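J.: Following this message is one structure expressed as structure tokens.
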Amino acid sequence: MKALLDLFKQVTQEEEFDAIKIALASPEKIRSWSYGEVKKPETINYRTFKPERDGLFCAKIFGPIKDYECLCGKYKRLKHRGVICEKCGVEVTLSKVRRERMAHIELASPVAHIWFLKSLPSRLGMVLDIALRDIERVLYFEAYIVIDPGMTPLTRGQLLTEDDYLSKVEEYGDEFNAVMGAEAVRELLRTMDIHTEIEKLRRELGETGSEAKIKKIAKRLKVLEAFQKSGIKPEWMILEVLPVLPPELRPLVPLDGGRFATSDLNDLYRRVINRNNRLKRLLELKAPEIIVRNEKRMLQEAVDSLLDNGRRGKVMTGANKRPLKSLADMIKGKGGRFRQNLLGKRVDYSGRSVIVVGPQLKLHQCGLPKKMALELFKPFIFHKLEVLGLATTIKAAKKKVEEEGPEVWDILEDVIREHPVLLNRAPTLHRLGIQAFEPTLVEGKAIQLHPLVCAAFNADFDGDQMAVHVPLSLEAQMEARTLMLASNNVLSPANGEPIIVPSQDIVLGLYYMTREKKAARGEGMRFANVAEVQRAYDSGQVDLHARITVRLREFDVEVDGQKREKITRYETTVGRALLSEILPAGLPFSVIDKALKKKEISRLINASFRRVGIRETVIFADKLMYTGYTYATKAGISISINDMLVPPEKEQLIASAEAEVKEIEDQYVSGLVTQGERYNKVVDIWGRAGDKVADAMMKQLREEVVLDANGEVAKDAEGNPIKQESFNAIYMMADSGARGSAAQVRQLAGMRGLMAKPDGSIIETPITANFRDGLNVLQYFISTHGARKGLADTALKTANSGYLTRRLVDVTQDLVVTEHDCGTTEGLYTKALVKGGEVVEPLHDRILGRVAALDVLNPETQEVVYPAGTLLTEDEVEHIDALGIDEVKVRTALTCETRYGICAKCYGRDLGRGKLINMGEAVGVIAAQSIGEPGTQLTMRTFHIGGAVSRAASVSQVESKSNGIVHFTSTMRYVTNARGEQVVISRNGEAIIQDENGRERERHKVPYGATLQITDGKPVKAGQALATWDPHTRPIITEYAGRVKFENVEEGVTVAKQVDEVTGLSSLVVIDPKQRAGQSKGLRPQVKLLDANGVEVKVAGGEAPVSVTFQLGCIITVKDGQEVGVGEVLARIPQESSKTRDITGGLPRVAELFEARSPKDAGLLAEVTGTISFGKDTKGKQRLVITDLDGVSHEFLIPKDKHVTAHDGQVVTKGESIVDGPADPQDILRLQGREALARYIIDEVQDVYRLQGVKINDKHIEVIVRQMLRRVRITDAGDTSFILGEQVERADVLTENERVLAQDGRPASFEYVLLGITKASLSTDSFISAASFQETTRVLTEAAILGKRDELRGLKENVIVGRLIPAGTGLAYHETRKRNVAGVDSAPAIIEDAGNVQLEETSGNPEVA
């Protein structure tokens, strides 16, 4: 019967749409949706279970309960379709109309919609220009509002209390009209003339000068203009008719035992209906005003709760004191409609099971349990059974499959052949968390996974589970095979390095196989080819590690792809010779002629991918894996307690450290060092001692004596024992990178060392024992401290990291490659990244896979090596390196001019595929995943490992690392003192060392107060000191000579006298202004200089006198009236007193950068280029004046406790730092521009990741910065429709400007706005995407008022509305549809599109020899 009914169901045509609009509904509109009015609060009759008439579930309004059957049962069957029963009034139709038919409630009194009232900023308040508090007082019947003042002195919109109103009525009678409640607000809205209001505001906007006012007017103007444009009437924000949700969407289900389970909405609706009916009755009875008012207020509250429970006043609760879930709660939050049902759908044809290792699989295969496959591929099996004639109907086929006969298994084998399945492991942090494999059937119930893909899935076999999904359609299968097959995903999209890299056992096996042993069996034998070596090894004539000579065949791949064989004799080991058998043709033997550690193997696979292509590499990786496992098994490496060799020197090292500590303690007791210094030094001593023990241990582990064939110690000619690299199992595991690290081995056999407390501070007594000797109770207890902290941190970290990824994905989800070339000539000048004199990232790494924005010129001949628009691959960057070019301008995502997307040329190479990115690639999501995925590896905060900190602090000089010529940057300033030393007086001077070709080799920051050991333009040798300084104090140096004159230096007021107990010398120390008494707070202790005539020395080229301010904690070393020369020290600041500012590190730092938060005590940048002088100080602030080149002066007030790095008379350029402190990204953007900002964010983010050893390509960060900068602020509206100060999408401004210019108008000018990722996600054009991210209510409220249209450009919106996403193959589909809609036949166009998407099909199963 059911199948028969299906024939009659009308096939509903799927609607095709291009955009979704949201707007306020008018009362008429609501009535037009409705199928009738709900008049009674009853739901269903508890005896008959039939819905009550006119109730919330009424069948007459909403439709029948059963298909094609009216309620009283008079009409049944299909033949009566469409009849309306005259007895019960129910239309005979499908029962599913109860999911779509709405009803309405006619409200007896209008009610304000709470979203437009309470969602901040209040829209009602904005339109009426009345404060929210006042509107609430009117709505909730606490005050009257004047609607029509008539001939009275009252004004429209004025509030009157009850008493006011009565006195005014006595005074003026019925001249004026004042009302309370929603009727009043509705009347005000209805009688408002939007048009004149807008004109008035536009006029005001032009006249006013105050910032705050402009902001306020612009906001109001935006809303009013939206009302005008979209044709939405403001009075619709007040409801007269309330729509009722279809009953199937708020079901009422009878439970056994006569109780009902119901949706909270029914309760909320019942309250509204009850109060509404009561109000109607009261109005009919002409009840006293006060009772009616109370009922109206209750109705307002009931409707408020229905729409958004708990937004105002008390939360409505059900019978069990639980808050009721309102309509707003249904759509927002993680469990709401958007994130739970639209973005988090469950899919059919999927299963999950535990994974086990499948070492015999090929890279593109997985093992699928038979039981699972049978269930997943059921429809295919049914079809096959029918085709083969083994079953006549689906039912018969079903039965056959349930019997699981032999023919079913044969068919299953047939069905899954070449049909890829998708495997996914949660959490899916990047696109490699879902990959396609060809299933092979296995017994048992566990999925078998190829070991090499574990790194991509971050899987291990300790009970992890994975989900299997079946791509059904042919297109889906093809995409899975060409794009997602594991063998096509060799490279990581985050950094372009191979991700299919052997680890653990495989590494150990390969390492063991390629090590060499001295005096091993068969050393020095010669072999004609590898086959002979294999035979000798199999018969035990020669040891795996023996040095032998062998002839090997290698293949050179010519340029034209021809392979040329050459035979060479190599002296190598047996293991390496055997390994050479699996080397792909085209790779030289030299790449494996070394002990293969993990890093080496990674390089090997990378080289293979670049030289012989993906297919050979995949086969090679598989063979490496099989070989590694085989030899790891043969090696039989195991560890025992005797492998942990404790160094004999350990006792003595610890004893000497203890003696040093005792000495420090004695110094502390006698008052020579402070508590802080003592702590730092003790921690430092133990840190060093631990390192020494570790070094001794590693040295002992690293070497062993060689035994000859008889087991005697082998000796060389002089009779000394021969040593070789150790075959100690623990050492081999750590050295090869298979498991463990030097730090862990150190804990096993050295000493555990210093431990951290949960707050990150170091406990100064270290654990001197190791795990081999065992810990005592105290040591064990100290260990638990750090361990517990680690576990707690991990849990927090995972949540935080996931949230960061979510925000990143949300801000970039609509960024897709939409065109090939946007034609811009902009880009970023890129050079090698140098930190502290070391090249952290060379130029070739930074420009690899980018497109040149300008011609790359040969520095010697100035001829074009690579024209602009060239994609720089490995060969090109090597060539650029060889030519010694040190700066290249490359295209970048930041400067791409494509609107709604990005162009392939600006993005450059697709890192996961190794060639120029394809059209339709979702680069935004890839960027977000690449940055978010390593998030869990980042620490929550950087610990100051005390030892590390104090050792870093005691750097006292910079040395050159290479030979070359020294140059100082323009910011370097120094003076020569009486001793002829050159003392640096600039804060950010740098010394650059260039080689003979003038290329920059290294650059070093030279701190203030350092003594230069070299002069500008002179040659230096490697290792030569460039500058030295005292690491423990920061000096304050005078640039001018003269006689010292103190100002405000008063003992006991601004400075305190300190007498050193040991030496008896006294010195003056500046007191913290916060601790000073009343008047003296504003005094600044400073020094002026007088010349021979007693006149104040002036700043060179200026009128201001030289004055040097002493800051907090300064120890003043000069006396009043003392003569000082240039470059002499006036005072010094002890370094330990200036506390190490706690650096935010790890994950919070990355989040802080992407959220573009201004740091707490940010430094100040110069707003203009000019000369600095100091003005008159105010209370607590110092006044700094910059006089620009036109002589205009700009004043800045700076808190006293801030340290001004600039000094009187200094010339600063716009954007230069003048006050110490972390940079504020907003300032960088405003003063130095987008490129500087991008560079700042990229460098800072990379610093955090580099610290953890994570590689991420810069372009991912650039993509995110592009999204953070996509909004602009209008600085001059010109003839466009924008409002001054409005924030809009950059693309919209450009489009609008083009339109205006075409009509010879004046375009709008704008400045870039930097938004944090959360803000940027919420301010996107797509309201669907923003609403599903955060603050759903606010987003939807705003969108409804503006009558917003969502063009469905991003990925997220399309997922939500259930269309193909406009990325990948979906992009071509949408383009074609758009062309079809435009009426252009587009068959050829899609072929061209497909041409752009080069799919590399790797054959299904590469045969492994």
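Cβ coordinates are placed from backbone N, Cα and C, and glycine is handled just like the others.
As annotated in Swiss-Prot:
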type	residues	note
BINDING	CYS70, CYS72, CYS85, CYS88	Zn(2+) 1 binding site
BINDING	ASP460, ASP462, ASP464	Mg(2+) binding site
BINDING	CYS822, CYS896, CYS903, CYS906	Zn(2+) 2 binding site
J.: Nearest by CA distance to CYS88 (Zn(2+) 1 binding site): which of the binding-site residues is it, out of ASP462, ASP464, CYS822, CYS906?
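T.: If we rank ASP462, ASP464, CYS822, CYS906 by Cα distance to CYS88 (Zn(2+) 1 binding site), first place goes to ASP464.
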J.: Please tell me which one of the binding-site residues listed here (CYS72, CYS822, CYS896, CYS903) sits closest to ASP464 (Mg(2+) binding site), measuring Cα to Cα?
T.: CYS903
J.: To the nearest Å, how far is the Cα of CYS822 (Zn(2+) 2 binding site) from the Cα of ASP460 (Mg(2+) binding site)?
T.: 44
J.: Mind telling me which of the binding-site residues CYS70, CYS88, CYS822, CYS906 has the densest Cβ neighbourhood, counting other Cβ atoms within 10 Å?
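T.: Per the Cβ count, the most surrounded site is CYS906.
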J.: Could you check which of the binding-site residues (CYS70, CYS72, CYS85, ASP460, ASP462) sits closest to CYS906 (Zn(2+) 2 binding site), going Cα to Cα?
T.: ASP460
J.: Would you mind ranking the binding-site residues CYS72, CYS85, CYS896, CYS903 by how many other Cβ atoms sit within 10 Å of each Cβ and giving me the lowest?
T.: CYS72
J.: Would you mind reading off the Cα separation of CYS72 (Zn(2+) 1 binding site) from ASP462 (Mg(2+) binding site), to the nearest angstrom?
T.: 61
J.: Determine, for the Zn(2+) 1 site, the additional residues of the same chain whose CB lies within 8 Å of the mean position of the CB atoms of CYS70, CYS72, CYS85, CYS88; present them in sequence order.
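T.: Those within range, site residues removed, are ALA59, LEU71, GLY73, LYS74, TYR75, GLU86, LYS87, GLY89, VAL90.
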J.: Report the residues of the chain - excluding ASP460, ASP462, ASP464 - with C-beta within 8 Å of the mean position of the site's C-beta atoms, for the recorded Mg(2+) site, in sequence order.
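T.: Everything else in range on the chain: ILE355, ALA459, PHE461, GLY463.
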J.: Can you list, in sequence order, the residues of the same chain other than CYS822, CYS896, CYS903, CYS906 whose CB lies within 8 Å of the CB centroid of the Zn(2+) 2 site?
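T.: Apart from CYS822, CYS896, CYS903, CYS906, the close residues are GLU819, ASP821, THR824, ARG891, ALA893, THR895, GLU897, THR898, ILE902, ALA904, LYS905, TYR907.
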J.: Between the Cα atoms of CYS896 (Zn(2+) 2 binding site) and ASP462 (Mg(2+) binding site), find the distance and write it as a whole number of Å.
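T.: Cα-Cα, rounded: 46 Å.
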J.: Same chain only, sequence gap of 6 or more: which residues have a CB within under 8 Å of the CB of ASP460 (Mg(2+) binding site)?
T.: CYS454
J.: Indicate whether CYS903 (Zn(2+) 2 binding site) is helix, strand or coil by DSSP.
T.: strand
J.: Using ASP462 (Mg(2+) binding site) as the reference point, find which of the binding-site residues CYS70, CYS85, CYS903 has the shortest Cα-to-Cα distance to it.
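T.: Closest recorded candidate to ASP462 (Mg(2+) binding site) by Cα: CYS903.
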J.: Three states by DSSP: which one describes CYS72 (Zn(2+) 1 binding site)?
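T.: DSSP call for CYS72 (Zn(2+) 1 binding site): coil, neither helix nor strand.
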J.: Please give me the CB contact count at 10 A for ASP464 (Mg(2+) binding site), counting all chains in the structure.
T.: 17
J.: Give the number of CB atoms, excluding that of ASP462 (Mg(2+) binding site) itself, located within 10 Å of its CB.
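T.: Its Cβ shell of radius 10 Å holds 5 other Cβ atoms.
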